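> TrEMBL feature annotations, pasted as is:
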- 62, 155, 285, 318, 402: substrate binding site (BINDING)
- 122, 123, 256, 319, 320: pyridoxal 5'-phosphate binding site (BINDING)
- 285: N6-(pyridoxal phosphate)lysine (MOD_RES)
Ligand code: PMP
């Protein structure tokens, strides 16, 4: 059994024998690096890899670690809460961290969102959002409205209902096609944050929603940035179109801001780019600054009252670790920390740095597109990336990246300084060249 002071070789061998990793082959078929500790923007490896013992994290642990690792303010919040209580069931009980977090979320998200359901992962928060919408229409006497509508190219999580609204052609969930609930798909939005809205697409979007409105409970989309479906950016104008057409045809609108929330795109929430508010909002990932798994689904009073007016007047969901006080305390500290700083200035600084640093690769061989929005930088190749070669190239530059499909991309912690950002950009270039 590995203990502190463990033998790294033995740990790796045990990992290979028993441990399954995200989207990984069966244990033993891959060779993850062993991380010993993490501090600031750096991961410290237990042993050298390609000449490096320390890596600058260009991934912020999948959009989460905004403030870097081992942050004194978040550590203090965790320790203080641990001494009070690390968990207590939420059914019939409540506590200060969950109430404080819920109020904070209501305060910082668009105004009509007033009610908060705290859950334990992004995927589950999407499950909850979907249940809210389906249950709402059942409760208000329109039980036919039980399907979801989304645009292609999206990603909403790995559990059953969220998978049904992921890109059906994206490969990731094609394994389950035919088994998942059948949803309605519009075409993916044309790419380009600054691109003029495409009139033909706007018509298509309007017509698709209008045609299916009788059976559609809600439209669900990732606003402005489609994340795991291809790191695609689109014009905020399409969100305004969705809001209008949903209002015209009695369809709820759900924004999945699990990746984009908490400042990543340059506004606190990506919906602000369009000045549009959804009926239901999912947030997660960065909410706890990357410390613990927690997510939230917010909804309007209309949705909450609709559900409560039904035959089953309760929201039919209740995970065991709902409202976990430890996670909620850290989330409060993380949000306070974010808002106490010039976070917008920091994200702008990263955006400017990436535009410069990644822009250099725009004409490099094999590069199809370079795009940057807020603290998100993407180099898209004209071929499928060789993940192992690209990862190795980044590690040689002293950076942790996780290229996939035809993409080498970064979403660094906001506390990444200019030197480390330049290093990340160099590593993206190297990964794109060698991958
Ligand atoms: N929605 C979006 C937009 C995401 O990016 C993700 C995670 N990549 C999820 C949902 C699922 O969140 P989680 O991994 O925490 O379940």
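Glycine is no exception: its Cβ is also placed from the backbone N, Cα and C atoms.
On this model, are these features tucked inside or out on the surface, and what's nearby?
The Cβ of residue 155 (substrate binding site) has 22 other Cβ atoms within 10 Å, all protein chains considered.
Listed in sequence order, 119, 120, 124 are the same-chain residues six or more apart from residue 319 (pyridoxal 5'-phosphate binding site) with CB atoms under 8 A from its CB.
Non-local neighbourhood of residue 285 (substrate binding site): 62, 63, 64, 122, 258, 259, 261, 262, 295, each in the same chain, at least six residues away, with C-beta under 8 Å from its C-beta. In this structure, residue 285 (substrate binding site) is part of a helix by DSSP.
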> Report the member of 122, 318 (the binding-site residues) whose C-beta atom has the most other C-beta atoms within 10 angstroms.
122
> Can you list which of these binding-site residues (122, 318, 319, 320, 402) have a Cβ closer than 6 Å to ligand 1?
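Listed by sequence, the hits are 122.
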> Would you pick out, from the binding-site residues 123, 320, the residue whose Cβ has the largest number of other Cβ atoms within 10 Å?
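By the 10 Å Cβ neighbour count, 123 comes out on top.
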> Between residue 318 (substrate binding site) and residue 123 (pyridoxal 5'-phosphate binding site), what is the CA-CA distance rounded to a whole number of Å?
14
> Give me the largest Cα to Cα distance among 122, 123, 256, 319, 320, the residues the record lists as binding pyridoxal 5'-phosphate, in Å as a whole number.
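The pyridoxal 5'-phosphate-binding residues span at most 23 Å between Cα atoms.
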